[in-house]
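Visitor: Okay, here's the structure, questions in a sec.
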Amino acid sequence: WDIALCATGTAVAGENALVLAVLFYTPSLRAPMFLLIGSLALADLLAGLGLVANFAVRYLLRPPSEAAELAAAGLLLAAFSASVCSLLAITVDRYLSLYNALTYHSERTLGFTCAMVLLMWLLCLGVGLLPLLGWNCLRDQSSCSILRPVTKDNAAVLAVTFLLLFALMMQLYLQICKIAFRHAQQIAVQHQFIATAQATSTRKGLSTLSLILGTFALCWIPFAIYSLVADSSYPAVYTYSLALPATCNSLINPIIYAFRNPDIQKSLWLACCGCIPSTFSSRPRTSSDV
């Protein structure tokens, strides 16, 4: 199981490093939306490195070091916290881009987005420092959670916070769905589109939302609920079997949020073969695409 987690972490780090490289070396990808995607990719990159570091601390470092174990645990906590918060930030950004469509670009400047992302990362880094500041169970093994060296109480707080954030994301996506459906109806009336075209566009938006929420829920909710009810006395195989899908979410995030983006796709094609395929769709995204 630990080898599987380490291999997953390596794949996660490599995939998200590719996303960051594309965003860094493409000057046109400097909009607030791409900054949020970059924040998500950086968080997932650090999560992948944290999984590799955790494996190295457990199996390669001799003699074992408590400080190294706490540092690896802190890196994982900070990275996965930043990943979830970046997903929430992307959700809020998508909601505002539809709700305040007329003033969105003037209000959500790059500087404002940078400030919000920096504040979010400082908060997540603070969460990552908690194990090093004494919030651990190394001195009292009976208080350990399934997320050693995190205590049971702290694991419960993290799990409840995650479930609340997921509920907020789901509510925002429901609102996005309503707004997108209303915009699609208005566009269809104004341009006299046929009903099937409107229905197809709306269904595409709904399928995207279902993919986002479904993937996130399947990867994380079982692990979060298990963290609430289980403790260190439970068989480790249960923890591993639920932790592995949760880490795989960082492997799926670039596919959903980065590689499906037309602008990033163009940059990847230019970087790989120096051209853009003639079959590449240049159709602008609409509100129905969400």
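Even glycines carry a Cβ here, placed using N, Cα and C.
In TrEMBL, annotation is done automatically, which means it is predicted and not curated.
Sequence annotations record features per position, and here TrEMBL assigns domain 'G-protein coupled receptors family 1 profile' to 15-257. Per TrEMBL, the feature transmembrane segment maps to 34-61, 67-90, 110-135, 155-174, 206-225, 237-259.
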Visitor: Of the listed stretches 34-61, 67-90, 206-225, which one has the most C-beta pairs under 8 A with the transmembrane segment (155-174)?
Guide: 206-225
Visitor: Apart from its near flanks, which chain residues at least 6 from the ends of the transmembrane segment (34-61) lie with a Cβ under 8 angstroms of it?
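Guide: Same-chain contacts beyond the ends: 2-3, 5-6, 8-17, 19-20, 23, 68-69, 71-73, 75-76, 78-80, 82-83, 85-87, 89-90, 93, 110, 113-114, 117, 120-121, 124, 247, 250-251, 253-254, 257-258, 261, 263-264.
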Visitor: Where, among 67-90, 206-225, 237-259, do we find the most CB pairs under 8 A to the transmembrane segment (110-135)?
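Guide: Stretch with the highest Cβ contact count: 67-90.
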Visitor: Excluding the flanking five residues on each side, which residues at least 6 beyond the ends of the transmembrane segment (67-90) place their CB within less than 8 Å of a CB in that stretch?
Guide: 33, 36-37, 39-40, 42-44, 46-47, 49-51, 53-54, 57-58, 61, 116-117, 120-121, 123-125, 127-132, 136, 138, 147-150, 158, 162, 165, 168-169, 216, 220, 249-250, 253, 257
Visitor: Can you tell me the mean pLDDT for the domain 'G-protein coupled receptors family 1 profile' (15-257)?
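Guide: Reported value for the domain 'G-protein coupled receptors family 1 profile' (15-257) is a mean pLDDT of 80.
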Visitor: For the transmembrane segment (237-259), what are the same-chain contacts with Cβ under 8 Å, counting residues 6+ beyond its ends?
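Guide: Sequence-remote neighbours of the transmembrane segment (237-259) are 1-2, 4-5, 8-9, 11-12, 15-16, 18-19, 22, 37, 40-41, 43-44, 47-48, 51, 80, 83, 87, 90, 146, 211-212, 215-216, 218-220, 222-223, 226, 230, 265, 268.
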Visitor: Could you give the residue numbers and ranges of same-chain residues that sit at least 6 residues beyond the transmembrane segment (206-225) on either side and whose C-beta is under 8 angstroms from one of its C-beta atoms?
Guide: 84, 87, 159, 162-163, 166, 169-170, 173, 176-177, 242-243, 245-246, 248-249, 252, 256, 289-290
